[in-house]
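Scroll down for the structure; my scribbles are underneath it.
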Amino acid sequence: MVLSLARAGSSSRASAFVAASAPPLTPTKSGALAPGRASTRGSTTGASCASSSPAAKGLPAALVMSVAFAAMRRRAPRRGARSTRSWARLQDAEDTAKMYKEVTALELQASSLRARAVELEAEQAKQDRLRRQALFNEFDTDGSGGVDAQELQRGWKELTGTFLDERAATRLLEAHDMDGNGVLEFEEFDVKRFQATLDRLWAEDEAAELAACQAEKEREEKLEAEKRLKEYYESLPGNNDTGLLTRVGSALPYILPLLDVSRFGVPLGILFPVLLPVVDLLYVPYALLDIKIPFGTLIIFFAMQAVAANKELPALLRFNFLQALQLDIAIFIPTLLRALSESVPGEDLSGWLWVVCSVVPFLIVTGFVTYSVLNSFCGIAPRGIPFISEAAERAMGVQRPDIQTNNEKDTPP
């Protein structure tokens with residue numbers, strides 16, 4: 001053990017340093033050599049360690065001091081780490097204090113700027129009020145403390161060079177007269193707001209004028225189209241007789257579509273018993289005709305077509321015959337739909353579809369027939385039924401003028 005400690009001490013530079021700086025050996029009373037008293041803290045520590053350790057008795061003093069110094073060096077890094085952490089904490093505290101000072105300075109600067117801004121705003125408001133007061137005094141020529149419509153007209157002319165008519169001045173005054181006393185007081189007087197209000201009023205007037213012009217243009221175009229259409233119909237060749245016999249004869253052909261559609265009104269009579277007499281009045285002749293004369297309605301259809309083909313008959317009569325035929329042909333569509341509704345699965349759904357496909361066509365055709373009969377009695381061709389009337393005119397060999405392009409497409413009959 002002693003040999004190993006000696007080798008460790010001799011290989012360490014610290015041990016050599018301690019050995020070199022150790023005090024000289026002095027003889028004791030027994031004649032043995034012993035180290036002198038150390039005046040430094042390190043030598044005292046070494047001596048105490050050497051004297052207190054039982055294993056160190058009998059060892060050279062230099063060797064003992066080397067071992068003690070090595071132990072002290074092993075504890076030195078720990079003390080250095082603690083010192084580093086303490087220094088870092090101290091540095092962080094200094095940075096925090098510095099940052100706090102900077103933030104405080106910035107807050108003071110911001111507060112100063114806000115105060116300055118408030119002062120500037122107050123000064124600007126004061127200047128604006130003085131300017132408003134000066135302008136108000138210029139408008140208020142009679143010194144009454146209020147600006148009426150005439151003073152507003154005159155003052156606006158002097159201020160902007162723009163003339164305000166009486167209507168514009170009145171509307172401007174009403175828009176800013178908050179208390180409704182008929183004059184503008186100082187608190188209600190603001191030239192900038194006046195200009196914005198005038199711009200809005202002028203824009204509204206312009207939009208209203210444009211809309212009125214557009215409406216007038218559309219009305220004139222509609223009147224022109226109706227005039228051209230009337231002239232076109234009057235210019236068509238043929239018999240233009242509209243006498244009493246012609247009017248009555250023009251209403252008769254609508255009996256055919258009315259009889260054909262009467263069978264569609266049976267569900268309506270069942271749903272509303274009050275209408276049952278009307279439905280019976282229409283359906284009974286149809287049933288009798290179908291029973292007494294097989295294919296009776298088909299025979300009447302071809303007879304009416306022959307009458308309509310006679311160009312010597314009055315145009316009103318021919319047109320109504322052809323329109324009644326076209327209306328009777330159109331009844332085929334609800335007939336087909338009602339037949340298809342019977343094949344829909346579900347008794348309730350099929351029943352409701354059958355009722356709808358019966359009642360709706362009955363009401364539509366009855367309305368068209370009523371419209372046509374009334375116009376025919378008045379001597380006017382009922383050309384207002386969509387698609388049906390145009391088809392009747394084409395069957396007569398004529399076409400309406402193209403109103404959109406102002407081009408007439410006329411095929412002589």
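Cβ atoms are placed via backbone N, Cα and C, with glycine included.
Per TrEMBL, region 'Disordered' is recorded for 16-55.
Annotation comment: TrEMBL describes 35-55 as compositional bias 'Low complexity'.
The domain 'EF-hand' feature in TrEMBL is assigned to 127-162. Residues 169-170, 172-173, 181-186, 189-191, 194 of the same chain lie 6+ residues outside the domain 'EF-hand' (127-162) yet bring a C-beta within less than 8 angstroms of a C-beta in it.
The feature coiled coil is assigned by TrEMBL to 203-235.
Taking Cβ pairs closer than 8 Å, the transmembrane segment (291-309) reaches residues 253, 256, 259-260, 317-318, 321-322, 324-325, 328, 395-396 in its own chain, all 6 or more past its ends. Taken from TrEMBL, the feature transmembrane segment applies to 291-309 (among others).
Using a Cβ-Cβ cut-off under 8 Å and counting only residues 6 or more beyond its ends in the same chain, the transmembrane segment (321-340) has close neighbours at 250, 253-254, 256-257, 260-261, 264, 301, 304-305, 307-308, 354, 357-358, 360-361, 365, 368-369, 372, 382, 385, 388-389, 391-392, 395-396. Annotation source TrEMBL lists transmembrane segment at 321-340 (among others).
Residues or ranges marked as transmembrane segment by TrEMBL: 352-374 (among others).
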